[in-house]
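Here's a structure for you.
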Amino acid sequence: MEKKYVLSIDQGTTSSRAIIFDKAGQIQKVTQKEFTQIFPNPGWVEHDAMEIWSSVQSVVAEALADVPAAEIAAIGITNQRETTVVWDKNTGKPVYNAIVWQSRQTMDICNELKEKGLDPIVREKTGLLIDAYFSGTKVKWILDNVEGAREKAEAGDLLFGTIDTWLVWKLTGGAVHVTDYTNASRTLMYNIHELKWDEEILEALTVPASMLPEVKPSSEVYGNTHKDKFQGMEIPISGMAGDQQAALFGQACFEEGMAKNTYGTGCFMLMNTGEKAVPSKNGLLTTIAWGVDGKVEYALEGSIFVAGSAVQWLRDGMRMFRDAKDSELYATRVQSSEGVYMVPAFVGLGAPYWDSEVRGAMFGLTRGTTKEHFVRATLESLCYQTKDVLSAMEADSGIELAKLRVDGGAVANDLLLQIQSDFLGVPVERPMCIETTALGAAYLAGLAVGFWADKNDIKKNFGIDREFDPKMEETEAAKLYEGWQKAVEATMAFK
């Protein structure tokens, strides 16, 4: 039977999805299933890794109800990054819940490592900061806090993996224990320059090397599905990348200096820096973009904590409208925010500030300020924060941004993208397919089996739904941005 499709498994923070793509990069089928969020203590976030596996089996079975498995050329996996699973390799069962990227339960471990002066070493070797966000301290926490776990780990009976690793292990019936360069680069344990697990950091974290998966390129046949899992078929699993890197690949940002921004609950921006790992002096992370065609390419990354969730706050907390889509309607009723600035630091500020203690603020209110000004100022705050991060990227890389590609739920808002283009002074491109994360995983998988010939073949599929060009005078944009910088400074001073 002709191989017509590639199946993407998109394992996210709140749901698992299966998406089937054809050769033109068009979606043929989407299935989705949510799973339980577990909050054992304030600031802790966990998932049941067996429930995640069950949700993946469910969405895959549903997707293959209409498309014969025999027509699937390959499977690609993209995943919530950093989320940590530790399981017994003999029973196949996790020894503890998966500790999610958002979870802060390892803050004490992070503080101990910082007190030992390890921050500069970790920064130089991994491109990351010592933070509870990343996997390394989560593995240590499980070994230190789950009865018998450390003994089992030292006996070689426990395995660690981020979600990609866990899913491949399950899909292959326990035959394959691998991760890819992108996911390894988010663990806090991987040397992104030497491309190996770092012994010095493993020793500091007291994590046995025997637990760790083999690190492979992002596009390679890792193994086949166990025939019991896929309608009796053995299908190659041949692409893997963390969600943000997969989106960069799905947006065809293959050249140095190309960047994408994902507007979700928060924002994630990545800029391709080519075969050079650029160290950041401006509060960004240095990470691996992908390993494809026998070479590793790098990216600068900036995370904004609050973006779409600020619009949700206007809807749910302030009751300003019933549907998030109405934010565009209200914001277009005024020509500007009339000097009103909103700094949405509800959970602190991410890149490039990294201040977890600061809280949100509004500035410039008068008797003439209306709900419409509030809403517009909130949308503008997403765009100002994006400019903050992209300015840091330009300063670190020495590359001037030529255009920005965008994806995520909020990009349906035309006004938001026009404001973004105005503030950046460059075109903003919204692609035809906004499922860029799943598409990136599909492309990586398809490349490995020859479903797509090369990156040029993929580029041909990339279509722009709409391009937003700057309409605002540069002097006006600069003046508004200066006001934003003052607002952030004042917000950070108020604690």
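Keep in mind that glycine also has a Cβ here, set from the backbone N, Cα and C atoms.
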Starting from the ATP binding annotation in Swiss-Prot that includes Thr13, Thr14, Ser15, Gly308, Gln312, Gly409, which of Thr78, Thr262, Thr265 is the extra site residue?
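My reading of Swiss-Prot gives Thr265 as the candidate in that site.
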Of Tyr133, Tyr190, Tyr298, which does Swiss-Prot put in the glycerol site with Arg81, Glu82, Asp243, Gln244?
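So the glycerol site in Swiss-Prot includes Arg81, Glu82, Asp243, Gln244 plus, from the candidates Tyr133, Tyr190, Tyr298, Tyr133.
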Taking the Cβ of Arg81 (sn-glycerol 3-phosphate binding site) as the centre, count every other Cβ atom within 10 Å, in any protein chain shown.
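Within a 10 Å radius of the Cβ of Arg81 (sn-glycerol 3-phosphate binding site) lie 26 other Cβ atoms.
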How would DSSP class Gly308 (ATP binding site) in three states?
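Going by the DSSP assignment, Gly308 (ATP binding site) falls within a helical segment, counted as helix.
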Can you tell me how spread out the ATP site is, meaning the largest CA to CA distance among Thr13, Thr14, Ser15, Thr265, Gly308, Gln312, Gly409, in Å?
19
Show, in sequence order, which residues other than Arg81, Glu82, Tyr133, Asp243, Gln244 on the same chain lie with their Cβ within 8 Å of the centre of the Cβ atoms of the glycerol site.
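For the glycerol site, the extra neighbours are Gln80, Thr83, Trp101, Arg186, Gly242.
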Among Arg81, Glu82, Tyr133, Asp243, Gln244, listed as contacts of glycerol, what is the widest Cα spread in Å, to the nearest whole number?
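The glycerol-binding residues span at most 15 Å between Cα atoms.
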In sequence order, what residues of the same chain, 6+ apart, have a Cβ less than 8 Å from the Cβ of Asn413 (ADP binding site)?
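Asn413 (ADP binding site) has long-range Cβ partners Lys325, Ser327, Glu328, Leu379.
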Using DSSP with the three-state reduction, classify Thr13 (ATP binding site) as helix, strand or coil.
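Thr13 (ATP binding site) sits in coil per DSSP, no helix or strand.
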